[in-house]
Structures are given as structure tokens and as C-alpha cells.
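Worksheet: the structure to be examined is printed underneath.
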Amino acid sequence: MSLELLREGLIGNDIKSLHSIINPPIAKIRNIGIMAHIDAGKTTTTERILYYSGYTRSLGDVDDGDTVTDFMAQERERGITIQSAAVTFDWKGYRINLIDTPGHVDFTLEVERCLRVLDGAVAVFDASAGVEAQTLTVWRQADKHKIPRICFLNKMDKTGASFNYAVESIREKLKAKPLLLQLPIGEGKTFKGVVDVVSKEKLLWNPNSDDGKDFERKPLLEMSDPELLKEITEARNALIEQVADLDDEFADLVLGEFSENFDLLPAEKLQTAVHRVTLAQTAVPVLCGSALKNKGVQPLLDAITMYLPSPEERNLEFLQWYKGDLCALAFKVLHDKQRGPLVFLRIYSGMIKPQLAIHNINGNCTERISRLLLPFADQHVEIPSLTAGNIALTVGLKHTTTGDTIVSSKSSALAACRRAEREGEKKHRQNNEAERLLLAGVEIPEPVFFCTIEPPSVAKQPDLDHALKCLQREDPSLKVKLDPDSGQTILCGMGELHIEIIHDRIKREYGLETYLGPLQVAYRETILNSVRATDTLDRTLGDRRHLVTVELEAKSLETSSLLPVIEYAASVAADLSQASREAVENGLHSACLQGPLLGSPIQDVAITLHSLVIHPGTSTTMISACVSRCLQKALKKADKQILEPLMNLEVTVTRDYLSPVLADLAQRRGNIQEIQTRQDNRVVIGFVPLAEIMGYSTVLRTLTSGSATFALELSNYQAMNPQDQSTLLSQRSGLS
């Protein structure tokens, strides 16, 4: 494989050392994502970036000597590589890991997971449309994760493209300060190239070159371009003043040496200052071009290496506790038919090598990495080791799922945890927050929707089980369980779209047509008073007599607890063997899985076992069965209450549409907590029962002509009022 690597390293006659290819210095690494509204040209921009960096060898044209079938296979292959979560390539001595970020809001988990591993991002805009609704959403998410970004105004060649309009919309709608590092030469049909404001050069692409690889940089001269030179000098002076306002170090430099003549200020000094303000997120560099017409992509790659941060320039709080020990995040799991699960890891600290045993904190298990690959250029290159800041592809991790934190050993995790707690005490933090930061993973919300899923025939059930098992590893927010009564498989997910997409993926990737039952809300049940019950089970099987008598009491708990709190009366606890105790607890837990009203799980109950008489020779299964039956008897007698999932809702809407949105929420039993002002938008924050918010995205789109966005997450379970409860129960009994 080393020859293979060296071939990749041959750029011109410069043979790089093997080491620098595998592990470039951390300052030369860029982990970036491309974020955009649908149709802004994210895919084309990605394609072009991969082409100019030598990752792919064709731009939709067949190269000489490449047969058509070859190209088709490569095309398909390329479709896969781009979806493969991360691709690695080199650009002028820098290692760039391009991480694929999903666009859709419903997959907050997907998006959060990807943003977590990015160090910087490129926001792509359609120059004729400027900032669109989805752009706003991804921009807010990047704000939340404090990710530095640069803007690329794409489609400069499109009729209606306007550089100034797009820049203005970034300023107005995103409330960001655009730093114009380039200006276009012509717009729409007349777009020819760009002018570099920093170096005062014009970049013109050769009109006869098919692939846009050839372009020339020419300094602007007084003789040939007097008008353009004047415009660019003004733009550069404005840029220098803008950066000086935001960066004190640069301001001192400008006011000192170069106050008389900004033209003398070296481009490098200005670039360093732009790099600093980009990192501080006080402003965003703006570049332009047309990815489809192959113009402006190489300068975008230069800007990525020049202005976006390297991994060491991002200070991640949890790193200090690892002290150089291994800490990595599994941010994507893909299933490869030959190699089994491929796990993408972002290494935050320490190093990783094949045959290394690692400890998975979330799964609390130890696994071994069999092979380590770099998704480099147009092949997966096998490598001997990889250090912090890099993205690796591992083979052999069978139990690791998306969002898991990987460390070198259990003891290293505990040591880091102790350091975090000590730090936490210094800062008067609660320890659990220290733990949460430590597990750099993603918090997985409880699923709130469920529906049944059935294979086309009973023979296909094992295939469906396999598909669901694979999908669960890729997406931990999907839960699958069996209904004990009907034996049906139940899918539990985060939202309507989430379940639809899973259904679609089972069909596309696993070739299974499945049937989904109606979507249902996951309710819970509880009791309101204290009840006692006794039960006796007496059975003779073969020559063994099984006899158990139980007396127990169930009462409601003040605090919220998913599992029943189990207590034993002193007389019982004294002579209860470990096996019998386990049998009792199994029985109680299984009785709590299905409540008497809707068959939903029971929560917030405390159970006290007052007496338990077991005839010698009685099996543990019989003990469980008796205890379970006794608890069900008690629950039936109690005053019962349905709890429904209450969602935290956040709707971001422009002022004009605020009142229809509020009126609609009032009809949905919504409870508005506050209305904040965020720039030109109003953010409505409140609670709304999940049952009332089915199909909300369509309604909201209609109400606000597609301008509003909303986010939902589970807040807690709350008691339904008697009227709603009886309506629900009569609906359910009508259904069944």
C-alpha cells in the first residue's frame, strides 16, 4: 500500500514523506462542512472541490481512454463517496476533511452530530436568492455550536444574480458582518471572473478551458483597468477599516505604520487579521463564483485553508481532562456489505492504530479496531496510525453506535471524570454537567411517536429485523421494540418525517416493502392513590408443586421516575434469597410495562412488598408470574391517570405572521411562556401536547408562507385533564 500512498503524494516532482501524508501537522488540518439551503448548489460546489483537489478525476466528461462503463461505475462510486460522511483530500500542503452535513431540520440529531465534529463551515448561497429560510436554520445551528464560517455566493452566472443584494441579505437577515474579500467581474451572463480585494489581482478563467483548472491572476494596473482599480482600492480600504474596528491588534498596526497609505499594507497582515476575526466570529469573509461554470472554486479552497481554524484553534472544554489520552467521537456508522460496519471517528486527543483495544463509554464495553482507513483521494487507504484532529474510518467495531465516545480504557475515562469533577468543584458546577461534557457524545432524546411496521410476508421478518438493527446503529434516536401482545414490531421515532424516512430507507437500501400502521403518540400512565392487593398462585407441573402468596401495596410517587421504586417490608427482606429477589423485581417491572388504561408504560409508582410466602421447590418463573399478576390487580383497583408527552416548542416567525401562529397554538392547547425578539424575528417559546402537534409543519408552512421554522423536543410527561382523558379513552375503545 505504501507505493499507492507515494503515488498519491506525487504532486509535480515533490515526493512527500509517507509520514506527512498520513499524519499532517495539526495546524495544517481543516475539518469543514458545507451548509446551504436546498438548491443553492451545495452538491455542485462539493463536486468541484473534489475535482480540483484531485479527489475525482472527471467532471462529468469522459477522459480520454476512460470507457463509458468505467465512468458510470466511477460516477456511482462518487455518489457514494460524497455520501460517505467524510472525504479527505490535500490542497496545497493542507489536509482537508470534508464532512457531509445533512440539510433537514427533522434530523436535529444528525445535524448536531455533524456540527459537533466540524471546526469550520462554508455557507453556500444562491446569489440570485440570498438568504433563504433553510439558510437561516443552519446558520442558527452553527451559531449555537460557535462554528466559524465563510460565505460563498454561488450561481453568479445565473440571470438575476446580484452580488450586492446577496451581501445585503447576509447583513440584514443573518445579522452578520460580511467582509468582501472578492468582487465579481460582471454578473449573470457577463460573469467572467473575480477580483481579489486583498491582493488587488483579477482572476480570469480561460473561456476555452472545459474544466476551469486554468485561470490567470493578473495584478490590476492603472493603465489597463483604471475604473476597476479605483473600485477595488476603495473596497480594500473599506475592508481594512472594517477589520481594524473588529481587531485591536490589527488596528494598532494600521494606525501605526500604515496610517498614511493603506496600499502599503502587506496582504499577509490583512489575511492574518481576517483569520482572527473569522475565528472570533465577529465577521464572515465573503467570496463569490459559479461552481457549475467552474469559476471561483480554487480561491474558495485557498480561503478555507487561510481563514478557517485548525483543530487546535478550537478550544473544546472536555479536552483538558484527557491530558493527551485518546478521546474520539463516533459520528457516523455506515454498513458496508463486505466489511461490515464502518465507523467514522473524529479524534479529539491521543492517537489511534489498528489492533488497538478501545473502551466505549456509552456502551460500557471494550472493542478492538481491526483496520484503520483514511477515506483519502478516490480510495480508502489503509494506514498504520492517526493522531488528534483527524477523521478516521475504522473497521471492526461491532458495538459502537453513532454518538458514542471512544477512549483508550475505562481507567482513563475515570481519571478524566475525576479531573472534570475537581474542576467542577472549583467552578461550583454540578458534577453531572462535568460528566456530560466529558461524554462528547450526543444526548439522545426519548422517542415520542410510534407505529407498527410489518414485512410483506412472514418469511421476510428476519430481513426486516436485520435492517432495523443496522439502522438503529446509524441513528440512535430510532428505537425498535416488540409488542408483547400482538407480536408486532413497533418503530419509535422523533417525528413524522423521521419515521417516513426510515420506511423509505428500508425500501431503498434493503429492498424491503414494509407496511406502517397509523402513527400514535407514546402515552404513559400512573396512579393517584394507594392500593393493596393479595394473590396466590398454586400450580402442579409434573410432580412439582409451585405455590406463592403475595401481598403488596402500590402508591403514587411525588418525584418522576420511569421505573417503579421497590421496597421490602423488614419481615420479607430478611429471608429473601438473591434469586427470589430478582424474580420479584422482574415480575414488578414486567407488570409496569403495560398499564390498565391504554396498555402504556406505568411510571411514578412506589411498590412495597408486605409479605411473600414461597413453597419450597417453587420456580422463579412462577414467583415472577404471581407478583406480576398481583400488581396488575392492584393497579386496576387504583384511581388511574394518563400522562401525555408535553413538548417544548420554539417557533421562529417574522413579526407579520406572529398573530396567526399564536391563534393556531391557542387552539392546540398550547401554553405560551414568552415571546422573545431575535433580530427581526419573534421567537415564541412554550409548551404544547404532542397529540395536538401532529402534522404541524404543514400547517405552519401554510400559515406563514413558508417563512417560519420550529423546533420540538420532549419537555416532560404531564397529567391530562379528565375531559381530554375520557375523550382519548373513548376514541381508543372505539378503535379497538
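Easy rule for this one: first residue shown is 1, then count along the chain.
Each residue, glycine too, has its Cβ placed from N, Cα and C.
Taken from TrEMBL, the feature domain 'Tr-type G' covers 27-312. Per TrEMBL, the feature GTP binding site maps to 36-43, 100-104, 154-157.
Features per TrEMBL, on structure.
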residue: ALA36; record: GTP binding site; CB count, 10 Å: 25
residue: ASP39; record: GTP binding site; CB count, 10 Å: 12
residue: LYS42; record: GTP binding site; CB count, 10 Å: 22
residue: MET156; record: GTP binding site; CB count, 10 Å: 29
* To do: Let me know the model's mean pLDDT on the domain 'Tr-type G' (27-312).
  => 82
